[in-house]
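Here Swiss-Prot flags 25-411 as domain 'Helicase ATP-binding', drawing on sequence analysis. Annotation comment: Swiss-Prot describes Gly38, Val39, Thr40, Gly41, Ser42, Gly43, Lys44, Thr45 as ATP binding site. For 91-114, the entry in Swiss-Prot reads motif 'Beta-hairpin'. Residues or ranges marked as domain 'Helicase C-terminal' in Swiss-Prot: 427-591. Taken from Swiss-Prot, the feature region 'Disordered' applies to 593-615. What Swiss-Prot lists as domain 'UVR' is 616-651.
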Amino acid sequence: MQRFKISSEFNPSGDQPGAIDSLVRGISCGAKEQTLLGVTGSGKTFTMASVIEQTQRPAIIIAHNKTLAAQLHEEMRSFFPENAVEYFVSYYDYYQPEAYIPQSDVYIEKDALINDKIDLLRHSATRSLLERRDVVVVASVSCIYGLGSPELYSEMTVPIALGMKLDMCQLQERLVELQYKHGNRYERGNFSVQGDVLSVFPSHYEDRIWKISFFGDEVDSIQEVDPKSGMVTLKLEKIKIFPNSHYVTPRPTLLQAISEIEKELDECALQFKQCNKIVEADRIVERTRFDIEMMRETGTCKGIENYSRYLCGKEAGDPPNTLLDYLPQDAIMFIDESHMTVPQIRAMYNGDRMRKANLINHGFRMPSALDNRPLTFAEWEDRKPTVVYVSATPGQYELQQTGGVATEQLIRPTGLLDPVCIVKGADGQIHDVMCESQATIARGYRVLITTLTKKMAENLTEYMREMGIKVAYLHSDVKTLERIEIISDLRLGVIDVLVGVNLMREGLDIPECALVGILDADKEGFLRSTTSLIQTIGRAARNVEGRVILYANVITKSMRTAMEETDRRRDIQRKYNQEHSIVPRTIQKPVQTSLSERVGSSRKKVSRDTNTDPANRDIVELQKEMLLCAENLDFERAVEIRNEIKRLTAP
């Protein structure tokens, strides 16, 4: 069995050894929950990796957004190059949920754009969890959403070995059952036959094909082939073909599920008729019968996840299968930036109840569709394994769960202190932050500026660009892989200033940043709370020149508390440096190959002159409006905007 082994030129230093020992001791003694309070730049990721190495237990690290998850994934891959470090996030680049608007009698069909590369990584994650123990999965909260049963997924795999008696026709039937497509194109999830050779492109790989040669009904050879060059890269003795969908179901189970679906359909149609809802009764019968026929013929149908209750053999109201069910019982769960991630997990369940209720009440879906859902918070609590909450500002929940006790990690291995905080008046803040940015850039450093709204971020970006500054903005409308690319460009110097809103807080690891400007710091609210301010201040804590300017006309309670906590930490760090004769130095961290490059992001290279083309500007604005309408459940308007975008982008 492959063991976890960290590959790093660094050794634990500062208070890292104490934090690692404390967490490992707690896990060894059976502590179910612990909290690591670690300041930005103190090496929390290295501490997590060290805990994994010392305990030799599989792990899942949950982050609250895809950008942070991608960053953690890159770091963990560098620490564990010989182990399986996987990435599991939502594979939707665009998602318009199925919905019905009763007021206008408009049904909106589900519309989604799936990122095939992220789907590949999801399959790679589940495959690794089922095949080996040296696995670290970095995930978003997508890990608490419904996923196919791990038992069925594992049961459906097809093992093949040299010398095995195997009928090629039966193997082709099995591959179709696993949702592989027959075709000559070398694409993931396809297979083809040429004479006595069957070629299959596995669901969890993007760069290799397995060629299985037969001599009669016996497997004669198994070769791994590069799909681009056609060269044989490896000769194998055995392989295991995993399903091309997490919702594959053995034929007998599928037929049993169809029987149960038909029973519910009869009951549902009868209830509608008894209520004199003839249109709804006809609608549910027509739609469900079509799905049933598709499942009988192909083993799947559009929206098959809505029948997951039956496919997984569950009762009404039972928790769905999720990625957590694929984890070994002794796995460790790290909740990164827990003050943000835990509330996000808590909020997931209620998100789509109203939308599904409308679909069910009007005959578009049966009540069993409600079981296609994320875990409730209580269900997540029941299923979570050994947990370590990780944050510079742990929330009330985490501290309650651990009895108010947290393992502190305040000393940075580099000797860096928390940044100096300066308060300046908010009047004239734009001019001042511009001048401060130019001075910082002239010294070869980067700048982060945080605003209160997306519009402010975009306007400030446009203004700074007009003034000759290389700048980009970062907010929730920017696609996942594009965010990763923008952060990489900032580190490489393609851009010098990054303007953002809430995304500027947790997890942005940019050692080149020597200035953080917080506009309107005295506007009390979520974005300017004590926790938010401490997190934002921490973005400047990776550079020896790091400083923070808070623009405010009054010092609020949140500002005072944040600055006092920063000063407390600075005092502890300064004393430690004096006692150990440490001279602070800026973190040295190479810019690694971005996830978007590795998964082959299909997006075009982001232009740093965004919104200069009027047509492009119109499309960007329409996309923002469409997403806002979807968030507000105005699906009818969202569809109209989507159609307009398609018209504008048509060749």
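Residue numbers in this text run from 1 along the chain shown.
Even glycines carry a Cβ here, placed using N, Cα and C.
Overlay of Swiss-Prot annotations on the structure.
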residue	record	CB count, 10 Å
Gly38	ATP binding site	26
Val39	ATP binding site	26
Thr40	ATP binding site	24
Gly41	ATP binding site	23
Ser42	ATP binding site	28
Gly43	ATP binding site	25
Lys44	ATP binding site	23
Thr45	ATP binding site	22
Query raised in the report: From the centroid of the CB atoms of Gly38, Val39, Thr40, Gly41, Ser42, Gly43, Lys44, Thr45, the recorded ATP site, which same-chain residues not already listed sit within 8 A by their CB, in sequence order?
Result: Thr47, Ala392, Gln409, Arg412
Query raised in the report: Does DSSP give Thr45 (ATP binding site) helix, strand or coil?
Result: helix
